[in-house]
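Record features (TrEMBL):
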{"type": "ACT_SITE", "residues": "Asp377", "note": "active site, 4-aspartylphosphate intermediate"}
{"type": "BINDING", "residues": "Asp377, Lys378, Thr379, Glu480, Phe521, Lys544, Arg578, Thr658, Gly659, Asp660, Arg753, Lys759, Asn782, Asp783", "note": "ATP binding site"}
{"type": "BINDING", "residues": "Asp377, Thr379, Asp779, Asp783", "note": "Mg(2+) binding site"}
{"type": "DOMAIN", "residues": "20-67", "note": "domain 'P-type ATPase N-terminal'"}
{"type": "DOMAIN", "residues": "805-863", "note": "domain 'P-type ATPase C-terminal'"}
{"type": "TRANSMEM", "residues": "261-284", "note": "transmembrane segment"}
{"type": "TRANSMEM", "residues": "304-329", "note": "transmembrane segment"}
{"type": "TRANSMEM", "residues": "840-862", "note": "transmembrane segment"}
{"type": "TRANSMEM", "residues": "921-938", "note": "transmembrane segment"}
Amino acid sequence: MEERHLRANDREFNLSFKYATSKYNVFTFLPLNLFEQFQRLANAYFVFLLILQLIPQISSLSWFTTVVPLLLVLSITLAKDLSDDITRHKNDNHVNNRKVEVLINGELKSEKWMNVQVGDIVKLENNEFVTADLLLLSSSEPLNLIYIETAELDGETNLKVKQALTLTGDLGNDIQKLAAFNGEVRCEPPNNRLDKFTGTLTMRGETFALDNERILLRGCTLRNTEWCFGLVVFGGPDTKLMQNSGKSVFKRTSIDHLMNVLVMFIFGFLAFMCTILSIGNAIWEYQEGNSFITFLPRADGANASLSAFLTFWSYVIILNTVVPISLYVSVEILRLGNSYFIDWDRKMYHVKSDTPAQARTTTLNEELGQIKYIFSDKTGTLTQNIMTFNRCSINGKSYGEVVDFAGQRVEVTEVKKVDFSWNPLADPKFCFHDHKLVEVVKSGSPEVQAFFRLLALCHTVMPEEKTEGELFYQAQSPDEGALVTAARNFGFVFRSRTPETISLVEMGVPTTYELLAVLDFNNVRKRMSVIVRSPEGKLTLFCKGADTIIYERLHPSSSKLMEVTTEHLNEYAGEGLRTLALAYKDLDEDEFEKWKERHHEASTSLEDREAKLDTIYEEIEKDLLLLGASAVEDKLQDGVPQTIEQLAKADIKIWVLTGDKQETAENIGYSCNMLREEMKEIFIVAANTAEEVREELKSRLLGKKSQVVEDEKVDGEYGLVINGHSLAFALQKDMQLELLRTACMCQAVICCRVTPLQKAQVVELVKKHKKAVTLAIGDGANDVSMIKTAHIGVGISGQEGMQAVLSSDFSFAQFRYLQRLLLVHGRWSYLRMCKFLRYFFYKNFTFTFVHFWYGFFCGFSAQMGLDTYYWTAVNQFFLWGSLSVYFAVTFTMYSNGMYLIFTSSFPFIGTARNSLNQPNVWLTIFLTTILCILPVVAKRFLFIQLKPTINDKVRQAKAVPPPLPRKFPRRRISTRRSGYAFSHARGYGDLVTSGRFLRIPVKSRPALFPHTDTPVADSTPQTYRTIFEEAQSP
């Protein structure tokens, strides 16, 4: 494919785009829909049958007896598919009709997304969705920086920074300059690589290199930036988001495949019956046929062989009822009814967001009852993406757990929340229940105050204060924001920062610290440090990070405190909390000055700068004094652990495919009870080369090698965690089966740092080799690809937009509803379908065998045993006619007219009307019905008691009330713990110290973050969100 070449502000030079998830348009609907319907063998068979009926020598039925039901079948299915696709078109139009400001003919005009073209310059404002893949031209922020959230692309809610070229940044928001901009972009063709972009911008004869740092991808949301201008590079289906989404496919259920197989067998059985009857005809014609020539003369050249051949095709027509043409229509009607049950289910209705469950595709209901593998996203699907500060250990004492006088643990819901009214700068949504911690802070404990001072200083959070005392924090990780918010409420308020200073309000006293250095976080260091000078001139290094990393750098004097803190960390990890260890060190002025010189040399080095800086950091981050540990909870959605447990009992395997880093994904795995301490081993595959990945998979492979991947029983329970880099190698053709065998022997599988396309590849791998029914569930645009690939796609209408819902087959608001969708609606739909099919085939075979046996009594002459011309009419007449005739005759017999004509014979005027108005009559009808039903019910009841089936035993076991849960469960102790993720990449230390993040103060600037609580925040007072999100409709 050739490179993309476009010119700014030149529509004739460029192309337009639209976004579509629908399957059809006006021109393709009829041919595509008919093509899909004729993939059903029964429909294709009846077209063949119609051709046979047009041949008079073999047809004993008129052609319209086949045409009418065939057209009826096709029309009903076509109408249902049309209804489904109209719904998709409405959803597409909702996206296509969003408005954005576009620069057209020197003016900013509000245009629909569908009318935006490649090469247009668009203006985005704060909290707006990015319209297409844009080249950033300019922004309202210093140094042409902007801040974006990529939750729909990779599930990460931490802010990312993009920067425009200096040349285009000078355009600012000057409309005349932007309208005159005629730069030409040459770049890579449309592709699905989210992390890479290669291109050039040519302007005024100069060429500038373009990379991913200059590109805003569709699916991002502009945050903390007043405005920006961008040039449309890719649009609609060419955007990287849509390239990762995959195509809409025609999904067929296993019942459909089974019915096709059954129809094939029925074809064979039909051919077998027709062959027997034609052989019988040949024998009969040879032996007895001459006796009937007088009144049944033969055509010239006709003999027994020709008669048998024609009889074969005649019986194909007569016995056509064995092939169920109405089966598909009946199945579609049954599925439609089952989908309404899902739509009407109040137990799957989310009150807070006013979101009911929706069966967006009505043809896949019974497939829900056969799910074997579930592929789930993490962020927004399993979690609420809300962090809360729950526990902490300070100087060997644990806080956050409430106990009574007897030392027994008390549920926090039974305890009054801590009152922070003494702190005018406290966050009103912050919630904490251990009153002892506040008392210790107020008492002036130096260790406790140092703990919260560290939390208020050691971070890269960016504050924003709209009005006096109303603070909003923007963090690169929600965990960091939760810790800074906790320090804020306990009296150490992070107020503002400059590249050289950090301003706090410590217990009501404004205090400014000089920021001397930021030792930034990265995935190798797993810690972050700051060096500050207090107002008294005291130099201090504050450090926080993973406990294993911090412990290696502690002074020996902290050994006893480390033992106690380790016990607390084990306890916190056992509760699924994300932990950090905190430490500090007082620095000598001379020592620091010497270190600062070495640091400057390393930071300006042209070779191995990163390695040299790490070495310099190691020099000063030693002999630390332990302060304590913090524990933050990544709040799960309600009912997630219980739902996963119930689905596991149903022998459904759940794989988590997430864009988050490994440590975060593992923590959520433990919180959801997917990973457990009791597991025999948890395999970690994190190799960097294909050979290393192969070796790790082979070493984990516990079962036997074979071409067919079967569920192998292994001794003990295992878990598998694999990162995206290793997964890319493992998905290669020569390693696919080894990956799948290893994964299938594990109770839980977590794939982290995976791209949207890799999610789809994992789903496709299981579909191809396991031959199992798969379900994918997610809430963001990064999940669309796997949702479309899986047999069933479920979208959660969450906080990451509606892309997943638009591409899904079923949608609802909470992950916990998945249990009811599968185990109730799925099971019931499957049972209904199986019972229906069993009866349907029984009815068809019974009706057809009448004609088969009749052939033995009519000389195999292809005569009809039952006149089917009126058979359907008679059926309908006797069903509805008998009811209508009964009531018509009853009311006529006792009408005024009959009384006037035959006074002596019909003296009871209005008896029918009067009797039906009497309660006694209805009571008699009711009692009669009960008496008729009672023996059957009694019989079934006795059978359940005397000869219960397996299902009866399960129901009886469920009916026994479970034992009351213990109020104070024994805490789980875990040896596994890890620090939370500061970031998914390198931190923002350089950005903080450079001053690039600082805003230009504009008094009239509108509020960027309106203080409006989301429904989730309303129900969970103690929350920290990276962004205050609102539903946006640009």
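Cβ atoms here come from the backbone N, Cα and C positions, even for glycine.
Here the structure is a predicted model, which means the values were calculated and not measured.
When Cβ-Cβ distances below 8 Å are used as the criterion, the transmembrane segment (840-862) is approached by residues 60, 262, 273, 277-278, 280-281, 284, 288, 292, 311, 314-315, 318-319, 321-322, 324, 327, 330 of the same chain, each at least six residues removed from its ends. Asn782 (ATP binding site) has a Cβ environment of 33 other Cβ atoms inside 10 Å. Asp779 (Mg(2+) binding site) has Thr379 as its nearest neighbour among the binding-site residues Thr379, Phe521, Gly659, going by CA to CA distance. Packing around Phe521 (ATP binding site) is summarised by its Cβ count: 27 other Cβ atoms lie within 10 angstroms of its Cβ, all protein chains included. Ranking the binding-site residues Arg578, Arg753 by other CB atoms within 10 A of the CB puts Arg753 at the bottom. Secondary structure of the domain 'P-type ATPase C-terminal' (805-863) per DSSP, as helix, strand and coil residue counts: 43 helix, 3 strand, 13 coil. Here the binding-site residues are Asp779, Asp783, and the one with the most other Cβ atoms within 10 Å of its Cβ is Asp783. Using a 10 Å Cβ-Cβ cutoff, Thr379 (ATP binding site) registers 28 neighbours.
In this structure, the CA atom of Asp783 (Mg(2+) binding site) is 7 Å away from the CA atom of the residue listed as 'active site, 4-aspartylphosphate intermediate'. Between the C-alpha atoms of Asn782 (ATP binding site) and Asp377 (active site, 4-aspartylphosphate intermediate), the distance comes to 9 Å. On the backbone, the CA of Arg753 (ATP binding site) and the CA of Asp377 (active site, 4-aspartylphosphate intermediate) stand 11 Å apart.
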